[in-house]
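Just below is one structure, and these are the notes that go with it.
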Amino acid sequence: MVESELSYEQIRLNRVEENKKRMGELNLNKLAQSLRVSSSSSSSSKPSPAKPRTMRIPVDFSEVRRSSRAKGPPPSYKEFGLEPLERRPRRSSRRRDLLNRVYASDDARMYAFDRAEKLQSSLDSEYASFTKPMLQSHVTGGFWLGLPLPFCKAHMPKRDVIMTLVDEEEEESQAKYLAQKNGLSGGWRGFAIDHQLVDGDAVVFHLIARTTFKVYIIRVNDDANNDSDGNEVNDDDSDGNEEDRDNDNESNEKQKETVSEGRQLRSSGKRKRRGRK
């Protein structure tokens, strides 16, 4: 046992010596000393001074004014008595007032159209012409007048142009012709209003130049152009009106008698009630 322990100790010592030699060969001792010196120097060195903290500027969250004018006084939220609001009167539009529109009867419309065709037949056939009966959408109720398609294809320009409308008094007006839509647009409504066109009127357009229409207006309510047949009818109507007046007078007298009898009965009934009381 003693010999074994000595041999083990001897082996350990031999190993330690070998390790020291190797460390010497590798200069590990010097490296360890240099590390110790560096660590001691770093611990003994003075710490670097801390950088001074800069003061932060407080942020202003108020609204930035970009106007050069002086700022007005702050708003006041005090409660004051409110004055009653005045309602503005509504502006009545003649164009939208459908109740005031007057529509021509079929007989009057056909009568005006027949007179317009007679006038058209008397015009110079060298220049093209057509007759157009007026509707509400053609006059005050709208701003557009469609022209006959065959007439437009045969005689009207192929592009948009400004047409001149010359009335019977040689007064000129301007209206824009739209080639793709075959009608008059800008300026037609003003012409219709200025010449007081209404539903049922018949208008004759005579193309006296490439961009000029001579316009003849036949009024639906023009009594001066009525024929003699109309006068005879009026005479017959006058006789019938006299008979109607006589009948009305008799009926009025009967109504007066019945009213007077009713008043007498009421007065007698009131007297009886007073006597009972």
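Heads up, the Cβ atoms here are built off N, Cα and C, so glycines get one too.
Worth saying up front: this structure is predicted, and the values here are computed from it rather than measured.
Pulled from Swiss-Prot, these are the features on record:
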- 130-221: DNA-binding region (DNA_BIND)
- 224-250: compositional bias 'Acidic residues' (COMPBIAS)
- 251-264: compositional bias 'Basic and acidic residues' (COMPBIAS)
- 268-277: compositional bias 'Basic residues' (COMPBIAS)
- 33-94: region 'Disordered' (REGION)
- 224-277: region 'Disordered' (REGION)
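When the DNA-binding region (130-221) is classified with DSSP, helix, strand and coil residues number 17 helix, 36 strand, 39 coil. A mean pLDDT of 89 is what the model gives for the DNA-binding region (130-221).
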